[in-house]
There are 2 protein chains.
Amino acid sequence: MIGSNTIRVVLNTYAYTRKVFYHARSRQLNDTVSKLLSSKKEKSVNKDVDEDAKTILKVPRGTRDYHPQQMKIREDVFRNIIDSFKQHGATTIDTPVMELTTLLREKYGEDSKLIYELKEHENEDLLALRYDLTVPFARYISQNKISAMKRYHIGKVYRLDSPKMTRGRYREFYQCDFDIAGAYDPMIPDAECVKILIEILDKLALGQYRVSINHRKLLDAIFTVCGVPAKIFRSLSSTIDKLDKIPWEVARNEMINERGLSPEIADKIWSYVQLHGNVELIDRLRKDSQLISEKLAVEALHDLELLFRYLKLFNVTDKVVFDLKLARGLDYYTGVIFEAILTEYQYNPQLDDDQIAMGSIAGGGRYDELVQKIDPKQRRVPCVGISIGVERIFAIKEHQSLESKDQLKILSTEVYVASAEKHLLEERMKVCNFLWENGFQTEMAYRQNPKLLDQLQYCEKYHIGLCIIIGNTELNNGTVKIRHVNTREEFVIPREQLVEQLTLHLSKIRQR
Amino acid sequence: MIGSNTIRVVLNTYAYTRKVFYHARSRQLNDTVSKLLSSKKEKSVNKDVDEDAKTILKVPRGTRDYHPQQMKIREDVFRNIIDSFKQHGATTIDTPVMELTTLLREKYGEDSKLIYELKEHENEDLLALRYDLTVPFARYISQNKISAMKRYHIGKVYRLDSPKMTRGRYREFYQCDFDIAGAYDPMIPDAECVKILIEILDKLALGQYRVSINHRKLLDAIFTVCGVPAKIFRSLSSTIDKLDKIPWEVARNEMINERGLSPEIADKIWSYVQLHGNVELIDRLRKDSQLISEKLAVEALHDLELLFRYLKLFNVTDKVVFDLKLARGLDYYTGVIFEAILTEYQYNPQLDDDQIAMGSIAGGGRYDELVQKIDPKQRRVPCVGISIGVERIFAIKEHQSLESKDQLKILSTEVYVASAEKHLLEERMKVCNFLWENGFQTEMAYRQNPKLLDQLQYCEKYHIGLCIIIGNTELNNGTVKIRHVNTREEFVIPREQLVEQLTLHLSKIRQR
């Protein structure tokens, strides 16, 4: 476990300014990660193949294979994430990759067009690939009449997006979700979600980050105060949500030309959404008599005050920012919303389009009405949760692994059974079988008469610590030779001591 | 790890007869497993919902949710399987859930109609959900120009079948595959595949089983000798493959009426495919001068002789049967084929259709031409592998878990932080936070003032070993109370000793 002291969190919430200055380290990281992501793309999408076979030898657009080295990194990331979810008492469930299309419709606002449908079949329900893990969770809660549940779910989700692999945007990608369903006292589960998110980001050691926090009800109150018609609240949220990636002027134009707002309304919105800070901003907003005349604003500020109070008890206020431009794209949020941003990888106007917006790696919030909307009896089960977008995390961990001197050991094999002489296949098989039955991670060459050099090179390539070498001399003397692959030391031991001697030599290697 | 001695393998390969007698235990097991599978079906497909919402509150036909208890069992099964794969030096990869439809076509013989296609999109490749993990593996090998690889892959696959959940047949289901790609000396990797399969079945302790072995070239030689036209070899294999599930008379009719064979040819085929036994059957077939005049038969018998020799060195011949009616449905096999059958759950003519054929839980074989068929340069990479169908294994393990007295602990939580008095939420939060930061698996109630009884009941329900109780007395005295949930013993300790005392009490609980 990596302690939080290894994270260079230099974020000062007081001095925090929205404008991000170009600096060398950030640029270099962005470049490397972009290269990693796009090399992956080239590798998996278009290998140099004959023209006529070109349609076969590729993966679908926006998807990719994971190679063994990548799987090793992925497994480590998942293990870290799952350990935290479990530490906080979550169970896990799994749901089908496809859901009824009727379930998914009208849940994602403007993004609903990205739902990936399956081919229609006679007498069968229309099906689509799941867009996230949240709507399937709400369906699960409703269908099984559950009133309270804390669960995590790790699974692939699908979006028929224009894939931008260099930005970590795939059509098939993993989400790691943790949600708390149930009617509880305000902000207690919400605070735990933020706490877990921060624990995970600290453990993963991805570099500087902050967690932005806002409240949907506060946004709605602001929109009301600014004179925005209620029917465009959600689509306006999508515009606001882009303020991390587009300059204000672009967003302003969109508000005026696409959403039909007047310049005055747009500018008044800007006077609010550019605000950010810490808990003191809550007090400042409370002095805004126009805003505070809205019931929703009072409720939101009360929630946020409680949340910041609990986050202080959880010792994480230095990682969070109250940020009024955080809106989150999805329709279903109803309360507190949050988003984790890697500040070393965030929006930089000097980088081209393919390199921006790597920053957001997790988000979440409260969605109190989604189960009710789905449930045939309108049963209400309030929920709050976080969703971690791990593809970008994988890319960063790959980058760190390439930079590091420690070699990635992708094989578990600890002992290799080799021979220097011919006609000893069956003897190698016997030794292997003996070692398997005694629980050792063991391999041998699948050849009658492999060359010793090839066998040793395999051990070196895959970082296998020990090699057992058998020859006719050893067979006649009832011995075997144990070789340390790294140091090339060799030890001849009686064959009947094989298990204990191997155990001993392996523990020596592990201590190094 | 469960030793092989816990498996009651009473299979006598000499006395083995195809006819399966009804016996009480087998019937009872079949019934329970069928019930388990079908209750799952009812649960997940048709909850009692209002008529108009019925279309929403279900999972797609042939799919299911996994509940926390099932996930616990699933994770245990996967862990056992993965441990074995890793012990034999396999890496792992992952591929997209969808592949180009062109890749999947013409790879599965008669089953190609079961391929699950996605909705067509303009300017996009036609896509389908993967049917198995073998063709994607061959695509991966070819696309990445790999000449040798030992990998496992665990993932969901999709078949647009008429789902029979009571028989463990789903449209979405997991496969666990282990494959060895590469040009090696004959039968060495093949023997290791069988060895691994047997290791896994022993560890999982699913009851009696056998592994049937046959050879595609031997079947082809038999078909030739019997006078079958070459063009129906593969479709005839599908008929032969069903002999575990349908009586000979039904298969004979299918051969005559659907495949267009004469009764004489059909009966001659039967004279071969009813044969089964051990390594001695190889010698018996070698005396069949008509068969042995076929080159393919000579090659197959040579392979099988080697394989049985290696399996003897691997100490597993008591689990395998040379069975000439084993054919395997899929088109791509070219050499040795195998299948693992749970003999307590196998075909029984006295049970109705929904209860038969639970037996086969794993299969595999050699497919030397699949990569070549896909590769644009016809590069040949011989492969052999096994595929474990885990849905049936999950059902059996669930049955075992229900029968067992040991309660399934689905939460990792080891310490619960409770209070008996009001207004102590923030104190509980502080203690929780302290325990999280010290690595304890900790939970608390998400309420301002929870009832002590509710908190203790939660601990009992989820088998949480320890409960920390804080009240105003403890706060004033700088102490906390540790309660053992099971025995109800309580210990008051100084708060500064919390970490060491908890560690001590937890180790006591684990020893029980």
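Even glycines carry a Cβ here, placed using N, Cα and C.
Going by TrEMBL, these are the annotated features:
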type	residues	note
BINDING	B:Asp132, B:Leu133, B:Thr134, B:Arg159, B:Gln175, B:Asp179, B:Arg328, B:Tyr332, B:Tyr333	L-histidine binding site
DOMAIN	B:61-396	domain 'Aminoacyl-transfer RNA synthetases class-II family profile'
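Positions of TrEMBL features highlighted on the structure.
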| residue | record | CB count, 10 Å |
| --- | --- | --- |
| B:Asp132 | L-histidine binding site | 20 |
| B:Thr134 | L-histidine binding site | 25 |
| B:Gln175 | L-histidine binding site | 19 |
| B:Arg328 | L-histidine binding site | 21 |
| B:Tyr333 | L-histidine binding site | 26 |
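DSSP assigns B:Gln175 (L-histidine binding site) to a strand segment in the three-state reduction. Binding-site extent for L-histidine: residues B:Asp132, B:Leu133, B:Thr134, B:Arg159, B:Gln175, B:Asp179, B:Arg328, B:Tyr332, B:Tyr333, maximum pairwise Cα distance 21 Å (rounded to the nearest whole number). Listed binding-site residues (B:Asp132, B:Thr134, B:Gln175, B:Arg328, B:Tyr333) with a CB under 8 Å from any chain A CB: none. For the recorded site, B:Thr134 (L-histidine binding site), the DSSP three-state label reads helix. Confidence across the domain 'Aminoacyl-transfer RNA synthetases class-II family profile' (B:61-396), taken as the mean pLDDT and rounded to a whole number, stands at 92.
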